[in-house]
Amino acid sequence: MEVAMVSAESSGCNSHMPYGYAAQARARERERLAHSRAAAAAAVAAATAAVEGSGGSGGGSHHHHQSRGACTSHDPQSSRGSRRRRRQRSEKKKAHYRQSSFPHCSDLMPSGSEEKILRELSEEEEDEEEEEEEEEEGRFYYSEDDHGDECSYTDLLPQDEGGGGYSSVRYSDCCERVVINVSGLRFETQMKTLAQFPETLLGDPEKRTQYFDPLRNEYFFDRNRPSFDAILYYYQSGGRLKRPVNVPFDIFTEEVKFYQLGEEALLKFREDEGFVREEEDRALPENEFKKQIWLLFEYPESSSPARGIAIVSVLVILISIVIFCLETLPEFRDDRDLVMALSAGGHGGLLNDTSAPHLENSGHTIFNDPFFIVETVCIVWFSFEFVVRCFACPSQALFFKNIMNIIDIVSILPYFITLGTDLAQQQGGGNGQQQQAMSFAILRIIRLVRVFRIFKLSRHSKGLQILGHTLRASMRELGLLIFFLFIGVILFSSAVYFAEADEPTTHFQSIPDAFWWAVVTMTTVGYGDMKPITVGGKIVGSLCAIAGVLTIALPVPVIVSNFNYFYHRETENEEQTQLTQNAVSCPYLPSNLLKKFRSSTSSSLGDKSEYLEMEEGVKESLCAKEEKCQGKGDDSETDKNNCSNAKAVETDV
């Protein structure tokens, strides 16, 4: 044994730490750690008791300072220093055991004991670090508030309702995310994105609350899924609304109305789609008498007398147009021309010697001409209608800017100009044959303007109004069509002229003469009065016809699309008007809703929510009526019929 010890010392082994001594050292180290942990737990308990007792009036300040002292003893710097010192001690232990290994002393230390000792030390070090981290999580922290610095102990970090830690309140206000479920398709965005438009459905927290699903913590909308991509992009882009290609226009418009993006966004979207801005609702006069007159002449659907006035106006317009056409017949035209020439003063070269004395002796003048009398009656009605509408209109400036009122003025003025000219010539006498012929030609041109009276029918025709809206919305396409035709006419007229220049019997004597042929060919009419003869001219004609088909076909689909839009919009307005009229005439509608819809000046429902409110009121009234019928057995036959037809009335509404 002594020989082994001596040999160990001589070989450089550290013989003062055999295997038994190393085990005793590890046991003492564990004991020391257990004592230190117990002391730390006692200190924590004392600090907790001090904090809880700090609320008392007597010893509040003492416990407060004591707790603060405890807090300062466990600041982050001291904890980091203790961890550093403990790590250094662990490294020293490892180095000590490496030096005290006995590679040549097999009798004192078993084989493999060195690796086992180092592994146990590493495990103890990891356990100590984990315990230190847990203790650090449970240490004291400072929270600053209005009352100063306070120290409290907790095992968890301070939490708030947003779950964001110390600064979670501000973080949740600006970066809180929201989930929107649209028919099973989930979208995720931030609250601040939706808050850019607080007047919309998604931007107003109160409006979107009714769609919130607390179980899944999301907002659910049973709406069109492809449309919501554009709706969400409206919030993300700051107000840009673009319809997806795979969504029809009417469906996307309904979605925009549902999410309450606003009238301005809807109007801008329609302008981007190529539609004109819709006319604003025409206001009614404030004066009650003017209001009734305005409704009588402007809104035929407002009452039965208004409908009767509209029928009379249409009949007068038709009579005026028929008279305008009949007076051009040969059997009426000769006599009327003679009367017009006679009233122009003198009959020099305009009347022959046999017809003039006959007309003068018979007393036949323009004032007793049957056509003139009928024309006068029509003009009296037109003038009366125009003056009354001008008197009762809400705004004189807007009244004279309306195209229909301008047409009324243009259709009335020729009569008074003709009448004034006739009276002036009769009083002044004849001033020469040339002046009389000039006056006669001017009167004919003025009388031609009466043909614009046919446009007065558009006031009472929905189809003509739709056509007018379509043409106004398609002005850009129509201008493009005319521009293409103009280029084609110039190009092919020049080409056919030079192609037919060497032909003596050609119809194209000049380029302007070929304009007519180019227009007729490009519009695929082909009268045949002018046609090319040479081979080159026929080739030019073929190309002209093909180019005309392509030129006309390009803008036509856009015009047809505009017509379909205005037609469907008018059809929907008529359906909503019918629903409103049925609702107002329904005997089961509550009195408050009935008064609301009767007081409405619009002929259609502006929002579906109003119709849903009306439908809900009808259902409540029907339920009350059914309960009344079931509770009373001796009701009259009328009440029984009303109760039995309750479902039918509900279906109609």
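Glycine residues also receive a Cβ, built from the backbone N, Cα and C atoms like all the rest.
Keep in mind that what you see is a predicted model, and the values were worked out from it rather than measured.
Sequence annotations record features per position, and here Swiss-Prot assigns topological domain 'Cytoplasmic' to 1-304 (among others) based on similarity to another entry.
Annotated region 'Disordered' per Swiss-Prot: 24-148 (among others), in sequence order.
Among the features that Swiss-Prot reports, compositional bias 'Basic residues' is placed at 81-97.
Look at Swiss-Prot and you will find S90 (among others) tagged as phosphoserine, backed by sequence analysis.
Sequence annotations record features per position, and here Swiss-Prot assigns phosphoserine to S122 (among others) based on similarity to another entry.
Among the features that Swiss-Prot reports, transmembrane segment is placed at 305-326 (among others). With a threshold of 8 Å between CB atoms, the same-chain residues lying at least 6 positions outside the transmembrane segment (305-326) that come near it are 295-297, 299, 332, 371, 374-375, 378, 381-382, 385, 450-451, 453-454, 456-457, 459-460.
Summarising the annotation, Swiss-Prot assigns topological domain 'Extracellular' to 327-370 (among others) and lists similarity to another entry as the type of evidence.
The N-linked glycosylation site annotation in Swiss-Prot covers N352 and is backed by sequence analysis.
Summarising the annotation, Swiss-Prot assigns transmembrane segment to 371-392 (among others). Counting only same-chain residues 6+ beyond the ends of the transmembrane segment (371-392), those with a CB under 8 A from a CB of the stretch are 285, 290-291, 293-294, 297-298, 312-313, 316, 319-320, 323, 326-327, 332, 336, 399, 405, 408-409, 411-412, 415-416.
Per Swiss-Prot, the feature topological domain 'Cytoplasmic' maps to 393-403 (among others). Residues 282-286, 294 of the same chain lie 6+ residues outside the topological domain 'Cytoplasmic' (393-403) yet bring a C-beta within less than 8 angstroms of a C-beta in it.
What Swiss-Prot lists as transmembrane segment is 404-424 (among others).
The topological domain 'Extracellular' annotation in Swiss-Prot covers 425-439 (among others) and rests on similarity to another entry.
Swiss-Prot lists 440-460 (among others) with the feature transmembrane segment, giving similarity to another entry as the kind of evidence.
Taken from Swiss-Prot, the feature topological domain 'Cytoplasmic' covers 461-475 (among others).
Mean predicted confidence for the region 'S4-S5 linker' (462-475): the pLDDT average there is 86. Here Swiss-Prot flags 462-475 as region 'S4-S5 linker'.
Residues annotated as transmembrane segment in Swiss-Prot: 476-497 (among others). The list of residues near the transmembrane segment (476-497) in space but at least 6 beyond its ends in sequence, with Cβ under 8 angstroms from a Cβ of it, reads 508, 510-512, 514-515, 517-519, 521-523, 532, 537, 540-541, 543-544, 547-548, 551-552, 554-555, 558-559.
The list of residues near the topological domain 'Extracellular' (498-511) in space but at least 6 beyond its ends in sequence, with Cβ under 8 angstroms from a Cβ of it, reads 517, 529-534, 536-537, 539-540. For the topological domain 'Extracellular' (532-538), same-chain residues at least 6 beyond its ends with a Cβ under 8 Å from one of its own Cβ atoms are 496, 499-500, 502-503, 505-506, 508.
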